[in-house]
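According to Swiss-Prot:
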- D204: active site, proton donor (ACT_SITE)
- H4, E179, M180, E181, S203, D204: purine D-ribonucleoside binding site (BINDING)
- G20, R24, R43, R87, V88, G89, S90: phosphate binding site (BINDING)
- R217: site 'Important for catalytic activity' (SITE)
Amino acid sequence: MTPHINAPAGAFADVVLMPGDPLRAKYIAETFLDQPELVTDVRNMLGYTGSYKGRRISVMGHGMGIPSCSIYSKELITEYGVKKIIRVGSCGAVRQDVHVRDVIIGLGACTDSKVNRIRFRDNDFAAIADFGMAQAAVQAAKNKKIKVHVGNLFSADLFYTPDVEMFDVMEKYGILGVEMEAAGIYGVAAEFGAKALSICTVSDHIRSGEQTSSEERQTTFNEMIEIALESVLLGDND
């Protein structure tokens, strides 16, 4: 057990899907996993372990922002032996060719957070996904005929940013989605010898104002989940 996870040793699979919302973790477990078992509920940050097509897999919420997701991902890796983390979350879009409900596979994550600089002795750290995991996710999407965007995310520290002109810079640099966790999870995985990938569904468009409801974010976005789960099976076959 840890201060934030009350699961016993061995309760988690070596691969954990991590949405931000613990209710989305509950939905994923109950909808996609066979015989899901609740293994942790500290602070109502729900975590489950079950199986998908016979493969043992866990799912657990990580909360909002880099500080929260860094705590949970670090403890899963160092205390529970987790080898791979797949963030399955929502993001905002700034580009006109990226639409609400589109799926993004985050090869890398820019950020305005200093957490990776703190880890990396004040040097820039290239927060990137594991190539094999990204490759498997792209292949899983192709197999299911799901269109995906593949490229950079931006992990922001502020949800309500005062620097709205930064969205113009993001669009210029080809940022596909704006969220709050990927860069932190990639940094934690690198520091502690694990692998990570972020797959996001566009929940709102920052330019057009189009958005999904909180209920939709909890109980839909199934294509992203299917890609993540199928990518685990493909990764096992490599």
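Just so you know, glycine gets a Cβ as well, placed from its N, Cα and C.
Model, not experiment: these values are computed from the prediction.
All features noted in Swiss-Prot, drawn onto the structure.
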residue	record	Cβ contacts under 8 Å, 6 or more apart
H4	purine D-ribonucleoside binding site	V42, R43, M45, I71, Y72, E75
G20	phosphate binding site	G61, H62, G63, M64, C69, G89, S90, M180, E181
V88	phosphate binding site	L17, M18, P19, R24, I28, I199, C200, F221, M224, I225, A228
E179	purine D-ribonucleoside binding site	G89, S90, C91, G92, L153, F154, S155, A156, S198, C200
R217	site 'Important for catalytic activity'	D21, R24, S90, S203
Least buried by Cβ count (within 10 Å) of the binding-site residues R24, R43, R87: R43
Assigned conformation of R217 (site 'Important for catalytic activity') - DSSP reduced to three states: helix
Whole-number Å value for how far R87 (phosphate binding site) lies from D204 (active site, proton donor) (Cα to Cα): 18
Structural state of E179 (purine D-ribonucleoside binding site), classified by DSSP into three states: strand
Other CB atoms, at most 10 A from the CB of S90 (phosphate binding site): 21
Candidates E181, D204: member of the recorded positions with the richest Cβ shell (10 Å): E181
Least buried by Cβ count (within 10 Å) of the binding-site residues G89, M180, S203: S203
Secondary-structure category, per DSSP, in which G20 (phosphate binding site) falls: coil
